[in-house]
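Asks: Grabbed the feature section from TrEMBL, which reads as follows:
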BINDING   GLN8, PRO9, SER10, GLY16, ASN17, GLY144, GLN145, ASP146, ILE183, LYS192, MET193, SER194, LYS195, SER196  ATP binding site
MOTIF     9-17  motif ''HIGH' region'
BINDING   ASP132  L-tryptophan binding site
MOTIF     192-196  motif ''KMSKS' region'
Amino acid sequence: MKIFSGIQPSGEIHLGNYLAVIKQWLDLQSKNDCIFCIVDWHAITVPYDPKILQQKIKEVAAIYLTAGLSPKKNIIFTQSAVKEHTELAWLLNTITPIGDLQRMTQFKEKSAKHIKNVCAGLLNYPVLMAADILLYQTEVVPVGQDQKQHVELAREIARRFNARFGDTFTLPQARIMKIGAKIMSLTEPTKKMSKSDKPETCIGLFDTPEQIKKKIASATTDSGQEIKYNPNEKPGISNLLTIHSLLSNKTIKDLENEFTGQNYQTFKQKLAELLIENLEPFRNKKSEFEKNPAIIDKILANGASRAEKIAQETMEKVRLAMGL
Ligand code: AMP
Ligand code: TRP
């Protein structure tokens, strides 16, 4: 199957990105044609610092590689290195009703958060995302829960294009994990863990053991002491159980049994140990890549030239279909 997905080089890549998305990519890479993108043009739709953007892009690339994504088997590249993404986004803008964009949940949330800086790019963000996906005739888009609506819109744009200009695009579908599609904030477990929130809400993949211990120890838990999964009544412990289950590959039922009669504190200590062990490769490899940034530049340049070939083929079809 053809797979495409991406992460924005903004903020710090966190446990939610890793558990809900990068882990899916790792499962998919051996049997599929996968493209993993660093979507820098999406990251600039909210205020950002141009001085550190390149460093952020390299950091995301280092995370992809450290997690175990193969740059030979998969195409790994930066969105802005393939200009066809903007060309297709413009063309798709002409068949996308403004109303569809205004009703997107993420647009509503982000425009409320950056109330003084709502640019047209923020509204058109899902059209650029549709272009990312459709350029590569993608069948499956592995993402977290919050991106499902955008993938559905991309499918609708593809369907509309095909109906108007003839069969051109494959209709994509989102792939979302059954558990862990939405990892919650450590301090407010009814809100999703987010890059743009305060550090104590979120575990970063490069966090030190001390930071991990402190953040998990102070994570919000619920009244009572029972280690039971119940997202409505016990959102805090349910989120921590989900994280444990994804890292340890044990079912939530098994974990509930294992921790019967134990208190939150013991469970949190065990979870912190598990996190420290699982994130160790990220901390170690980061400095390796920092010492030799040329490795990453080479991988991204190679990825961009492979991506560009596919993108150019699609654009020829699109221009022909649209009479351009
Ligand atoms: P972003 O961090 O916005 O670039 O998102 C990259 C990917 O991570 C997308 O597929 C999101 O759906 C996913 N994602 C972001 N935050 C979370 C979260 N808290 N839980 C699960 N998935 C998430
Ligand atoms: N909008 C996505 C996010 O914030 C990132 C993204 C951009 C993406 N283009 C994509 C994800 C294409 C999947 C496919 O998470």
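Cβ coordinates are placed from backbone N, Cα and C, and glycine is handled just like the others.
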Asks: Measuring Cα to Cα, how far is GLN8 (ATP binding site) from ASP132 (L-tryptophan binding site) in Å?
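Replies: Rounded to a whole number, the Cα-Cα distance is 13 Å.
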Asks: When DSSP is mapped onto helix/strand/coil, what comes out for ASN17 (ATP binding site)?
Replies: helix
Asks: Mind giving me a neighbour count for GLN145 (ATP binding site)? Other Cβ atoms within 10 Å of its Cβ, every protein chain shown.
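Replies: There are 16 of them.
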Asks: Using a Cβ cut-off under 8 Å, which residues of the same chain at least 6 positions beyond either end of the motif ''HIGH' region' (9-17) come close to it?
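Replies: Residues 38-40, 43, 46, 48, 53, 56-57, 59-60, 63, 144, 182-183, 192-196, 202-206, 243, 275 contact the motif ''HIGH' region' (9-17) from elsewhere in the chain.
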Asks: Work out, from DSSP, the number of helix, strand and coil residues along the motif ''KMSKS' region' (192-196).
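Replies: Counting residues by DSSP class gives 0 helix, 1 strand, 4 coil.
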Asks: Determine, from DSSP, whether GLN8 (ATP binding site) sits in helix, strand or coil.
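Replies: Where GLN8 (ATP binding site) sits, the three-state DSSP reduction gives coil.
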Asks: In whole Å, how far does the CA atom of ASP132 (L-tryptophan binding site) lie from that of MET193 (ATP binding site)?
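Replies: It is 25 Å, counting Cα to Cα.
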Asks: Sequence gap of 6 or more, Cβ distance under 8 Å: name the residues on the same chain that satisfy this around LYS195 (ATP binding site), in order along the sequence.
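Replies: When sequence neighbours closer than 6 are ignored, LYS195 (ATP binding site) has GLN8, SER10, GLY11, GLU12, ILE13, HIS14, ASN17, CYS202 within Cβ distance under 8 Å.
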Asks: Kindly state the mean pLDDT of the motif ''KMSKS' region' (192-196) in the predicted structure.
Replies: 89
Asks: Sort out the sequence-distant neighbours of ILE183 (ATP binding site) for me: same chain, 6+ apart, CB within less than 8 Å of its CB, listed by position.
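Replies: Counting only residues 6 or more apart in sequence, the Cβ neighbours of ILE183 (ATP binding site) under 8 Å are HIS14, LEU15, GLY16, LEU19, ALA20, GLY144, LYS192, MET193, ASN239, THR242, ILE243.
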Asks: What binding-site residues in GLN8, SER10, ASP132, MET193 place CB under 6 Å from ligand 1?
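Replies: Close enough to ligand 1 are GLN8, MET193.
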Asks: Is any of GLN8, SER10, ASN17, GLN145, LYS195 (binding-site residues) within Cβ reach of ligand 2, i.e. under 6 A, and which?
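Replies: So the answer is GLN8.
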Asks: Within 10 Å of the Cβ of ASP132 (L-tryptophan binding site), how many other Cβ atoms can you find? Include all protein chains, please.
Replies: 26
Asks: Specify the count of other C-beta atoms within 10 Å of the C-beta of ASN17 (ATP binding site).
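Replies: Summing over all protein chains shown, ASN17 (ATP binding site) has 23 other Cβ atoms within 10 Å.
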